Amino acid sequence: MGSRSSTRIPVPLMLTVRVMLALSCVCPTSALDGRPLAAAGIVVTGDKAVNIYTSSQTGSIIIKLLPNMPKDKEACAKAPLEAYNRTLTTLLTPLGDSIRRIQESVTTSGGGKQGRLIGAIIGGVALGVATAAQITAASALIQANQNAANILLLKESIAATNEAVHEVTNGLSQLAVAVGKMQQFVNDQFNKTAQELDCIKITQQVGVELNLYLTELTTVFGPQITSPALTQLTIQALYNLAGGNMDYLLTKLGVGNNQLSSLISSGLITGNPILYDSQTQLLGIQVTLPSVGNLNNMRATYLETLSVSTTKGFASALVPKVVTQVGSVIEELDTSYCIETDLDLFFSRIVTFPMSPGIYSCLSGNTSACMYSKTEGALTTPYMTLKGSVIANCKMTTCRCADPPGIISQNYGEAVSLIDRQSCNMFSLDGITLRLSGEFDATYQKNISIQDSQVIVTGNLDISTELGNVNNSISNALDKLEESNSKLDKVNVKLTSTSALITYIVLTVISLVCGILSLVLACYLMYKQKAQQKTLLWLGNNTLDQMRATTKM
């Protein structure tokens with residue numbers, strides 16, 4: 001296969017803006033129309049928004065791990081809080097030590113700085129091997145060093161507050177939000193209730209909740225046992241640590257509600273621990289999230305193919321899996337550079353490939369330009385549901401209607417059958433019963449036939465078979481050629497020499513000249529003979545007239 005030319009769009013922020021401005025000049029168009037393609041076995045399964053991103057925004061979240069109890073309930077919760085505090089220190093001290101080692105590696109100036117940095121990273125990695133991702137994480141950790149130091153200056157005030165969420169701004173170079181999942185629990189359970197609780201019940205409630213949170217902490221930091229501080233935390237881990245308070249930071253950083261679910265699903269929001277203070281039980285995490293640009297006039301359209309019936313057997317259409325359309329331009333979209341969610345595609349760069357005129361014409365609705373590859377496998381998908389209806393190849397499988405009862409037949413030469421509630425309310429296919437609620441309106445093309453010229457060979461076995469047929473044809477041609485050669489061998493070569501041919505040509509020319517002269521001479525003699533006949537006839541008539549005149553006298 002030859003290499004394909006591609007359209008590449010990198011994603012520096014300025015270029016992102018330029019791309020969006022350029023595309024905004026294109027008039028919006030509807031998505032790829034799948035109605036004329038469905039009966040040809042090409043099904044448009046859905047569209048997704050196309051976004052480009054670059055990781056550029058950061059913010060800090062300071063997690064208050066140890067809650068402040070109300071004064072009148074401190075004694076009741078003292079025992080579980082002390083046990084919880086000891087467990088926290090044991091669990092997170094390796095993380096804090098790793099962070100300090102990496103951050104202190106930049107204290108040396110000159111050429112020793114890089115060496116100490118790599119040494120600190122290697123020292124925190126099992127087997128002494130640091131990956132590129134770990135080095136990147138360590139570099140980000142060092143860049144956040146000053147911010148972490150400023151947060152530690154405010155640790156006493158952060159630890160003393162009873163607020164579950166509040167902003168920390170003094171001396172910080174980026175947005176920081178202090179949150180406390182356990183503080184939220186204490187506030188909800190004890191500070192905002194007038195109900196009197198006995199000490200045993202308070203101890204039990206606090207102990208159970210702290211144990212649950214410890215379990216979450218262990219789950220979050222379990223992968224960091226071998227390389228503390230160098231493993232990124234996922235958005236799920238951040239939510240486990242901060243609870244619903246995480247939304248406050250994301251909103252402050254500019255993440256809208258319409259994008260939040262897609263960004264969470266994409267995994268583009270990550271966090272790196274930047275500090276841990278065992279005295280106040282504060283855990284600082286730098287959160288990185290992308291700057292996302294939505295290309296409003298560009299969408300990704302997903303295509304699926306069914307095995308259709310042709311006179312050459314079963315075949316599937318040769319079309320891309322994903323295409324994108326901007327204005328009147330349709331190109332294949334490479335999704336290997338993207339992160340996919342239910343509704344969106346997030347690209348670090350956009351790569352498209354131009355399509356051949358035949359495929360372009362096919363996807364534009366000209367089904368006679370579609371090309372198909374033979375697929376005679378028994379497991380090839382012969383049916384697909386679409387908006388409450390079914391597109392099925394009833395030549396490959398038995399299409400049974402339960403309401404009204406009957407077998408749905410497919411006409412000869414018809415590629416697939418479009419089955420909706422107008423033709424069948426309850427549809428049974430391969431043991432699966434479906435109640436149809438959709439309808440194929442008049443805009444859907446039906447009764448499409450695939451011509452023999454549209455079916456080509458692409459599979460290895462089919463190509464081998466075709467090559468065998470070609471070899472047989474070549475063998476037959478060689479036999480005919482050999483027979484012709486044997487006949488030519490019987491020809492007298494002397495008679496076909498150059499001099500003999502020249503002699504034949506000269507004699508032929510002389511014969512033609514003689515023939516022409518003979519013909520001219522014959523014509524002349526005939527003309528002369530006719531003239532003599534006319535003269536004799538005139539003389540005879542004249543003599544007869546004279547004799548008649550003499551007789552009368």
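The backbone N, Cα and C atoms fix where each Cβ goes, and this holds for glycine too.
The structure displayed is predicted, hence computed values, not measured ones.
Swiss-Prot lists 32-500 with the feature topological domain 'Extracellular', giving similarity to another entry as the kind of evidence.
The N-linked glycosylation site feature in Swiss-Prot is assigned to Asn85 (among others). Note on Asn85 (N-linked glycosylation site): other Cβ atoms within 10 Å of its Cβ, all shown chains, come to 15.
Among the features that Swiss-Prot reports, coiled coil is placed at 142-170 (among others), with the record citing sequence analysis.
Taken from Swiss-Prot, the feature N-linked glycosylation site covers Asn191 (among others).
The annotation disulfide bond is assigned in Swiss-Prot to Cys362-Cys370 (among others). The Cβ of Cys370 (disulfide bond) lies under 8 Å from the Cβ of Ala40, Ile42, Ala317, Leu318, Val319, Gly358, Ile359, Cys362, Ile450, Gln454, each on the same chain and at least six residues away in sequence.
The feature N-linked glycosylation site is assigned by Swiss-Prot to Asn366 (among others). Taken residue by residue with DSSP, Asn366 (N-linked glycosylation site) is part of neither helix nor strand, so it is coil. Cβ neighbours of Asn366 (N-linked glycosylation site) (same chain, under 8 Å, six or more residues apart in sequence): none.
What Swiss-Prot lists as disulfide bond is Cys394-Cys399 (among others). A sphere of 10 angstroms centred on the C-beta of Cys399 (disulfide bond) encloses 24 other C-beta atoms.
Mapped onto three states, the DSSP output places Cys424 (disulfide bond) in coil. A simple way to gauge crowding: the CB of Cys424 (disulfide bond) has 23 other CB atoms within 10 angstroms, across all the protein chains here. Sequence annotations record features per position, and here Swiss-Prot assigns disulfide bond to Cys401-Cys424 (among others).
Taken from Swiss-Prot, the feature N-linked glycosylation site applies to Asn447 (among others), supported by sequence analysis. In this structure, Asn447 (N-linked glycosylation site) belongs to neither helix nor strand by DSSP; it is coil. Counting every protein chain shown, the Cβ of Asn447 (N-linked glycosylation site) has 12 other Cβ atoms within 10 Å.
Per-residue pLDDT, averaged over the coiled coil (466-491), rounds to 71. Residues annotated as coiled coil in Swiss-Prot, with sequence analysis given as evidence: 466-491 (among others).
What Swiss-Prot lists as N-linked glycosylation site is Asn471 (among others), and the listing cites sequence analysis.
What Swiss-Prot records for 522-553 is topological domain 'Cytoplasmic'.
What Swiss-Prot records for Cys523 is S-palmitoyl cysteine. The Cβ of Cys523 (S-palmitoyl cysteine) has no same-chain neighbour under 8 Å that is 6 or more residues away in sequence.
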Residue pair Cys401 (disulfide bond), Cys394 (disulfide bond) - Cα distance, angstrom, rounded:
12
Considering the disulfide-bonded residues Cys362, Cys394, Cys401, which residue's Cβ sits among the greatest number of other Cβ atoms within 10 Å?
Cys362
Pull the DSSP breakdown for the topological domain 'Cytoplasmic' (522-553) and write it out as helix, strand, coil residue counts.
31 helix, 0 strand, 1 coil
Among Asn85, Cys424, Asn447, which are recorded as recorded positions, the nearest neighbour of Cys399 (disulfide bond) by Cα:
Cys424
